[in-house]
């Protein structure tokens with residue numbers, strides 16, 4: 001659509017003299033904040049990494065999927081924005097609550113109903129991918145002992161982490177309590193990029209301190225260094241521009257610290273606390289019909305030796321203690 005508009009001569013706002021015309025004074029902090037909010041649209045680039053356990057031949061398919069999806073999505077998003085700019089002025093873009101819908105109304109006429117449906121389908125696909133991947137974070141954290149063990153359980157037939165999905169749903173609803181969507185994007189964007197940067201920096205540290213570690217997927221250090229430079233610019237100036245919003249985001253993140261000390265670090269808990277947790281776990285198992293997954297013999301990729309990984313499943317009732325059930329996935 002954007003190409004059609006350009007061919008018709010509708011490229012006034014794409015000309016450099018008009019495209020870079022400022023509507024307010026330049027400010028580095030606002031530019032960084034614009035990058036932070038704009039990058040939210042490209043935020044799914046890392047989701048596939050969360051589900052590597054469920055990929056077939058992940059060492060081959062994971063890089064392949066990333067190399068194909070990121071350029072493709074970037075191409076589509078950039079040309080979609082070019083199409084918007086050819087049909088709408090910056091003032092109209094800022095005044096519109098749904099840019100794609102306004103764009104459809106201006107160009108598609110009686111077929112403008114296609115745009116709301118397309119936006120709804122796109123949103124549904126994004127939410128589906130986010131739920132599929134984000135719930136695996138809670139699932140993996142619980143399996144490592146950092147979250148309640150109920151979140152590490154899967155359905156006895158469908159093999160889906162239902163408790164982790166419900167936990168994701170509840171936490172998402174709590175986030176929606178804010179009335180300003182842009183503030184929520186700033187919260188999420190700031191926290192996400194904070195952890196992204198720490199993770200990438202950790203990879204560089206491991207590369208330096210343990211250069212001989214087995215790495216099935218290995219790239220040049222140039223790329224993480226470039227990312228960290230962009231990351232530092234983004235976070236430092238976003239913090240400078242919106243210190244209150246970023247500070248609240250940090251406060252929300254730090255609420256996990258007391259939870260960690262109470263749930264993980266504190267070993268000698270009172271018996272009543274353990275009893276309460278066990279009862280809640282048992283109740284959650286009955287409600288969701290879930291048990292611990294049991295994995296058979298798997299290949300240890302690092303040593304090449306076969307190891308046997310088995311996790312004790314928690315029975316759904318006292319009668320099942322002698323014959324615990326587990327999901328055969």
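Note that Cβ sites are derived from N, Cα and C of the backbone, with glycine treated the same way.
What TrEMBL says about this protein:
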COMPBIAS  298-311  compositional bias 'Basic and acidic residues'
REGION    298-329  region 'Disordered'
TRANSMEM  28-45  transmembrane segment
TRANSMEM  66-87  transmembrane segment
TRANSMEM  107-127  transmembrane segment
TRANSMEM  162-184  transmembrane segment
TRANSMEM  190-208  transmembrane segment
TRANSMEM  220-241  transmembrane segment
TRANSMEM  247-266  transmembrane segment
Contact ranking winner - 66-87, 162-184, 190-208, 220-241 against the transmembrane segment (247-266), Cβ under 8 Å: 190-208
CB contact flag for the transmembrane segment (190-208) and the transmembrane segment (220-241), at least three pairs under 8 A: yes
Close approaches to the transmembrane segment (28-45) from elsewhere in its chain (Cβ under 8 angstroms; 6 or more beyond its ends): 66, 69-70, 73-74, 77, 126, 129-130, 182, 185-186, 188-190, 192-193, 233-234, 236-238, 240-242
Tertiary contacts of the transmembrane segment (220-241), as residues 6+ beyond its ends and Cβ separation under 8 Å: 27-33, 35-36, 39, 186, 190, 193-194, 196-197, 200-201, 203-204, 207
